[in-house]
Amino acid sequence: MIDPKLLRTDPDAVRRSQAARGEDSSVVDDVVAADEARREAIAAHENLRAEQKGLGKRIAKASGDEKAELLSRTKTISGEVADLKKAADEADAKFTELAKTLGNIVIDGVPAGGEDEGVIKETVGTPRDFAAEGFEPKDHLEIGEALGAIDMERGTKISGSRFYVLTGVGAQLEFALLNLAMSKAAQWGFTPMIPPALVKPSAMEGTGFLGQAADDVYYLPKDDQYLVGTSEVALAAFHSDEILDDAELPKRYVAFSPCYRREAGSYGKDTRGIFRVHWFDKVEMFVYCLPQEAEAWHEKLLSFEKDFITALQIPFQVLDVASGDLGLSAARKFDCYGWLPTQNRYREITSTSNCTTFQARRLSIRHRGPDGVEPLATLNGTLCAMTRIIIMLLENHQQADGSVRIPEALRPYLGGREFIEPVK
């Protein structure tokens, strides 16, 4: 949720942000009106409550007719106070619900536009020239099946479309990537976590995933719980309703978890292989920090992602995501796109978002510093989305004989193997 003070002091900034997101900016007027009504209702209740307290003191000193009159007023005012309290609570709830529809305030400098208007910040590495090497690259599924690493047929048999099984060396690759990612994250000062994949509605709503992204999450109605699409949800809720001391910050967590996505609206897209699936495992970084340090931490998270991708020798680009494609919670987002040889284009493999104080306000996560208790900032970043990184490894490091070369950084976690050989 955005800072209510900003709605009062600079509603035009909120309108500009909504417009930049491609959203209806007129809703800001509704939120401002609801805020005014809320404050008026709260003031009315507090004023009458103060009068009620004052009556108690006067009754203690009064006698005779005056005391009887005051007692009569006390009975009357009790009902009025209760009514005003109810009205204040209802006005506050209405404001909160409306305010939660507003996206985070877009940071100055974010490219304007929609999904296709992101700006490339940099390009790292050079795609291989397979033609010069004398062979046509195979796609990840053909390679994976030959290596005995991916079984789509049985994954579909077990669970339906967009499911898979990593077998043999495919499973070993995931374990190796997990160990490499966790090793690097530990060097960067992150605390490893294995959080729940099932969360309460408050956690999902607090992170902003029940707004625009609601159709993409799995819900278990009998349990009133959600399957997470990213461990960002559990990591953000980890400190919900807490006050952290400034001396504790920044807090850095890195989690390994399964991720579940309905992929609503993706019918017909990336139907072959494991690029777009309903379940995958992911290593996710999460940071709690002081608001004034959030932009610097965003750049650090991006640098960690770049370090990991570079270690795997995958050519990639960094995209500064456009304002209309940020999602509800992010004020700025950087995506890394890895080179996919058989598609002759870059595809998304990581994402890091600066959510400023947006999620912290919704989850009541604050810090205690010299200026009192205030919301802190939260940031998240993908370190390794397993299926997509495995795709990138298979396609970018395939050899003419059907084998796959293992990047040097990954070899210690695969028993020192330099190549993976086909089994069929």
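Note that Cβ sites are derived from N, Cα and C of the backbone, with glycine treated the same way.
Quick caveat, the model's predicted, so the values are computed rather than measured.
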Range annotated as region 'Disordered' - as stated in Swiss-Prot, picked from 1-27, 136-162, 352-378: 1-27
Binding-site annotation, Swiss-Prot, L-serine: partner of THR230, SER231, GLU232, THR382 in GLU174, GLU284, GLU421: GLU284
Residue among binding-site residues ARG261, ARG262, GLU263, VAL277, GLU348 with Cα closest to the Cα of THR382 (L-serine binding site): GLU348
Between ARG261 (ATP binding site) and GLU232 (L-serine binding site), the C-alpha gap once rounded to whole angstrom: 14
Beyond the flanks of the region 'Disordered' (1-27) by at least 6 residues, Cβ under 8 Å: 35, 96, 98-106, 110, 112, 114, 323-324, 326, 357-358, 361-362
SER231 (L-serine binding site) and ILE349 (ATP binding site), distance between Cα atoms, whole Å: 16
Greatest C-beta neighbour count within 10 angstroms, which of the binding-site residues THR230, SER231, SER351, THR382: SER231
Farthest-apart CA atoms of ARG261, ARG262, GLU263, VAL277, GLU348, ILE349, THR350, SER351, residues recorded for ATP, distance in Å: 19
